[in-house]
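Some notes on the structure that comes next.
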Amino acid sequence: MLSQNHLHVSLLYIVLLTGTKYGCGGGGCGACTVMVSKYDQLNNRVLHYTVNACLQPICTLHGAAVVTVEGIGSTKTKLHPVQERIAKAHGSQCGFCTPGMVMSMYTLLRNKPHPTMEDIREALGGNLCRCTGYRPIIDGFKTFCDVSNGCCQNGESGGKCCIENGTKQHKYSDLFHMDNVLPLDPSQDLIFPPELMIMGKKRACGSLCFQGDRLKLISPVDLTNLLELKTEYPEAPVVVGNTTIGPNMQVKGVHHPLTIYLFVIYLLCVYVHAGVSMGAVCTLSSLKDEMERAVREMEAERTRGYQALLQTLRCLAGKQIRNMATIGGNILSANPKYDLNSVLAALDCTLQVMSKENGTRAITLNEELFTGFGKTALRPDEVLLSIDIPYSKPWEFVSAFRQAQRREFAFSIVNAGMKVLFREGTNIVESLNIYYGGVGPTLVKVGRTCQKLVGRSWGEELLADACRLLEEEVELSDSAHGGKVEYRKTLTTSFFFKFYMQVLQELRERYLSALKPFKNELVSNAQSSQDPVGHPMMHQAAFHQATGEAQYYDDIPAVQGELFVYMVTSTRAHAKIINIDPSEALGMTGVVTFLSAGDVPGQNRRMLFNNPEELFAEEEVSCVGQIIGAVVAESREQARRAAQMVKVTYQDLLPVFFTIEEAIQHQSFFDPKRKLERGDVGKAFETVDQILEDEIYLGGQEHFYMETQGLIAVPKGENGELELFVASQHSAYTQEVVGITLGIDSNKITCHVRRLGGAFGGKVMKIASLSAITATAAVKTGRPVRCVLERGDDMLITSGRHPFLGKYKVGYNNDGTIMAADITYYSNGGCTLNESLAIMEKALLHMDNGYKIPNLRGRGLVCKTYLPSYTAFRGFGGPQGLMVMESVLHEVAVKCGLPPQKVREINMYREEECYTHHKQLFSPRDMLRCWDECLDKAGYHDRLQAIQQFNTSNRWKKRGISAVPMKFGVGFSKGFFNQGAALVNIYKDGSVLVAHGGTEMGQGINTKALQIASRILKVPMSSIHIKETCTGNVPNAAPSAASFGTDAVGMAVKDACEKLMRRLKPFMENHPKYTWQQWVINKHPPGYKKVNIMMGPHTDMDWENSEGPAYYYFTFGACCSEVEIDCLTGDHKNLRTDIVMDVGRSLNPALDIGQIEGGFVQGIGLYTIEELQFSLEGVLMTRGPSQYKIPALCDVPPQFLRIHFLSGEPPVFLASTIFFAIKEAVAAARRERGLGDSFPLSSPATAERIRMACEDQFTEMAPSPKKGTFKPWSINI
């Protein structure tokens, strides 16, 4: 009996293997990657391939061997070279994604011991990392490449690689060394179990049946058995890879009581006279391999269609999904976002289907096959046997197109397949196929357009008529599902224009730039350690993270009697709660109890920053996703199902609004409102040459830490004591909130935090409420309770970075000098204040950036809306505040007709002693040095000329470059947070134990604390151990945030160690020949236990008088980025980034460089890719990796140059250079069309926004509808 039937559940909670992580449940992150090995009876070989464990039902693994990260090596026995090298290359920060990365690379090496960089890129394409920026991961793994000359291997066909263009890098990074590393020895790999080999060689003698408590799975033994089952159970889905059915069951809760699984039946790939016949159960990886083989072995003319198919397959999903998904499943899922159908239809492919009653029949793959979304014309009892993919004919040309949020590993927004056949020796169209996906609920063929173009010459008149016909034939409602209507319409004509140019070889050379797709490259520049002062030490837990031994909260084995809690959340944005009825849920198997406000023993409502916060909504809900109650049950699945059965009756209330604009109309703001002012702004406006009024909108951002929020609450049964094993950045606050909720003292609550799988500010405040609910469940039941948010619930409940609207009025002179600026910042705070005020304050405090604007006024208003409250995120308002000022500088430059770089230089702080707009003294010397060095190292001026030449020579591809300086305040503006605490114990054997109040979440705070203690105590790091963060050891600790954790904790450790050394010093001087152990044991027991609290300098802001030292100190930096955009699709490629930062002496350059890279790549997401979408009812629709895209490997600039040193938060803002470089490229396209350089562009600069800003004849064919004449699919909050 299988009560839970997925592989990752089995591994984590039955076998207790914790290396395989649960990140999303939908195959969208790669954290759960494992290797599956099966015997291939047809080819008499063992296949090794990666899969997403969250989608692989355990019953489908009959006869297979599964290898997890624990199986290839451990710190207790021997590391595998893959584990060792990712650790030594500093490719593991928080470590949650590391086991998945390791297994992807391990599987690649099992199949190809000497991979190329392209092999590595493909293997890791389905693995996401939110911490590192990917570069150190690649640095470690590329050591397996057989590259003796150190080439980056990023040269394109006909282009130049790093050696040819003179930028050859060292083979390995100076930050790590491959001396004495374990060699890769394939002979030491695990063998395929002989018993499985024997089983595989035998013919199966019967079908397999797996019976669970809610579902039944049957695996037929052969085709006859399959047809019989489909006749008996015509509604049962037939599943092979589970990549469509799986996410629907896991994420959407779809239930299929009976499923037919195919993992025994083999259907061959056969080369026939007319083309290639692929078995329907062949995986997409197999299809890709066969297409590559055909292209390699056959003449190019016959494989044009296969080349187009390959172009799509290389961007389709990740390697794990392609290994699981089948061609038949992809077709019959009938999802227009799946890219294959448009290409296969254009190629006139044929499907062979079969049923028991009617035998075999052939069906043409065209628009008629798809009768609706997710529906096909196949009869319920029919199965798909194979698909025939024909060879291309002479004078036939084929192309495939797709545009997605992210170039790889993302569903397409629009895809297309196009094929034209000319009469031999002419340019007369004999036949034409054009298919689109993503412009309707099913595959769309523009048949009327194709018909009218047959017989026409392939020329300008045909192009003009085709675009007009496409405009008429492609119908897309202004309220169409998925939104982006004008963009999707534009893509249909833009794709055809690309196809037209591809076929029309007679076009001039400059037009051919539109034909060449962007090539995905791996970052090739290794970082240099010449500047760093400290030593690049490996992350203290890197080996444990690489082997899966590192323990996160959900890896802790279940405690006896443990229960699971699942939240019941509001489905209305603003409503009165009439009734909560949990009776049906309470009657379900395994359900123990239901919690709501009445079950809270202490306070359900508490004050946070003078604003009320409710644990459970009592009388009224104010957002979708607000917690109303919680179900406690024996298992996760039982709790989840029961939570869906709790019935809540609402009475809707007014008003209901979600956007910043609506909040302004309703004057809905939280108090207090903030204001900073320097000089006399009003008077200055009277004397300037020009005045500019404009605005910029910045969208929000989801944290997307790989480990979702949660904890385990364990009641101790004596004196009301409670232990929490919690994923928190601020364990002291969690302890406080739990105490208030339970009505008990904090001294009875102990919070333990060993490590976090990423946090970025998202695990400071919201986790405290989840902890209080879980603790309430534990107290009520008297049993341990575990809470683990699913990815979608995590995104819905906890929210993320604040959307901002910056409105500004700027007075400037014609030479670009800004004399006055009046800026109003609006943030969308959501339904409660949370940390929104402090975030707005930081935005205001950073509004001047590095510019001395003599008359500057900033006002900050936090909008109160009916959305989940927004919270802290890396940068904490700084990226928004700085971005608005940079937009001011950019637009002033445009209006003055000056280069933005020159206007920035004109307005920079220059004096040796300067005062910020809040009257804090600082010197801009280091900022100016960073700026000059960045421009020099980047070759800014030479590259600017090269870009101008490129843009002149290329009509449909444009490049842009941008550089910005940065002044960023470090620490908390509230002085009492600028403290760190540490406890240092020296034992009689000489070993040292360090405990501190910081939280290890990938930034390496434990490693740095070890380095500090080692230096001061003069003992090796191996003699020092870091204890988990625990409120029982170090109480009242400040949060690990604001880039200040290492400063505060490090100084506390340093001070404690120095005081201990002062105690030892007299004895050490009297006995200089003693060893450390002798000093300690002979001096004992006067005490080597030292608790120390380091208090930073006083910081505080007087908001009434607009003055005060807000920060401990400022970090300075500069960044230069270059991008290239595709004017026809809006796609862009980050070509190169140079960063110079000066923040003092680095304790650990390897960790610090990793932090800045990770921060910068996170900023790439903020400013270009990551887009939150809400429905008109205030429901978050982007609730997982399939809808919400963070940067992947393909988004990292292939040329990444770092200089000097860094910290975690400031680099997020530096990614705005990508945004402004995009804006420069768009401006170049607009100038060529006679349009103005000044145009609105909101952040993030998505493909849609880039394309629609490049106005041309194609965008004119898709005009925006008038506001109020239609119901939009989503709203811009």
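Yeah, the Cβs are placed from backbone N, Cα and C, and that goes for glycine too.
Computed from a predicted structure; not experimentally measured.
Quick look at what TrEMBL annotates:
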{"type": "ACT_SITE", "residues": "GLU1209", "note": "active site, proton acceptor"}
{"type": "BINDING", "residues": "CYS24, CYS29, CYS32, CYS54", "note": "[2Fe-2S] cluster 1 binding site"}
{"type": "BINDING", "residues": "CYS94, CYS97, CYS129, CYS131", "note": "[2Fe-2S] cluster 2 binding site"}
{"type": "BINDING", "residues": "VAL238, VAL239, VAL240, GLY241, ASN242, THR243, THR244, ILE245, ASP339, LEU384, ARG402", "note": "FAD binding site"}
{"type": "BINDING", "residues": "GLN729, PHE760, ARG874, ALA1042", "note": "Mo-molybdopterin binding site"}
{"type": "BINDING", "residues": "PHE876", "note": "substrate binding site"}
{"type": "DOMAIN", "residues": "210-394", "note": "domain 'FAD-binding PCMH-type'"}
{"type": "TRANSMEM", "residues": "258-281", "note": "transmembrane segment"}
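Using a 10 Å radius centred on the Cβ of the residue listed as 'substrate binding site' and all shown protein chains, the other Cβ atoms total 27. Cα-Cα distances to CYS129 ([2Fe-2S] cluster 2 binding site) place none of the binding-site residues CYS54, VAL240, PHE876 within 10 Å. The shortest Cα-Cα distance between PHE760 (Mo-molybdopterin binding site) and any of the binding-site residues CYS24, CYS32, CYS94, ASP339, ARG402 is the one to CYS94. Taking the mean position of the Cβ atoms of CYS94, CYS97, CYS129, CYS131 as the [2Fe-2S] cluster 2 site, the remaining residues of that chain whose Cβ falls within 8 Å of it are SER92, GLN93, GLY95, PHE96, THR98, ARG130, THR132, MET706, GLY757, GLY758, GLY1002, GLY1158. Checking the binding-site residues (CYS97, VAL238, VAL240, ASN242, THR244) against CYS32 ([2Fe-2S] cluster 1 binding site) with a 10 Å Cα-Cα cut-off leaves CYS97. Other Cβ atoms within 10 Å of the Cβ of ASN242 (FAD binding site) number 26 in total over all chains. Taking only the Cα positions, the spacing between ARG874 (Mo-molybdopterin binding site) and CYS29 ([2Fe-2S] cluster 1 binding site) is 21 angstrom. The C-beta environment of CYS29 ([2Fe-2S] cluster 1 binding site), restricted to residues of the same chain at least 6 apart in sequence and closer than 8 Å, consists of GLY23, CYS97, GLY100, ASN127, LEU128, MET706, PRO1185.
Contacts of THR244 (FAD binding site) defined by a Cβ separation under 8 A and a same-chain sequence distance of 6+ are given as ALA325, GLY329, SER333, ASN335, in order along the sequence. Across the fold, the C-alpha of ARG402 (FAD binding site) and the C-alpha of CYS94 ([2Fe-2S] cluster 2 binding site) stand 34 Å from each other. Looking only at Cα atoms, ASP339 (FAD binding site) sits nearest to CYS54 among the binding-site residues CYS54, CYS131, PHE876. Taking only the Cα positions, the spacing between CYS131 ([2Fe-2S] cluster 2 binding site) and GLN729 (Mo-molybdopterin binding site) is 16 angstrom. Separating the Cα atoms of CYS54 ([2Fe-2S] cluster 1 binding site) and ASN242 (FAD binding site) is a whole-number distance of 10 Å. Among VAL238, VAL239, VAL240, GLY241, ASN242, THR243, THR244, ILE245, ASP339, LEU384, ARG402, the residues given in the record as binding FAD, the maximal Cα to Cα distance rounds to 28 Å. Checking each of the binding-site residues CYS24, CYS94, GLN729, PHE876 against VAL240 (FAD binding site) by C-alpha distance, the shortest gap belongs to CYS24. Here the domain 'FAD-binding PCMH-type' (210-394) returns a mean pLDDT of 91 for the predicted model. Here the candidates are the binding-site residues CYS24, CYS94, GLN729, PHE876. The one whose C-alpha lies nearest to that of ASN242 (FAD binding site) is CYS24.
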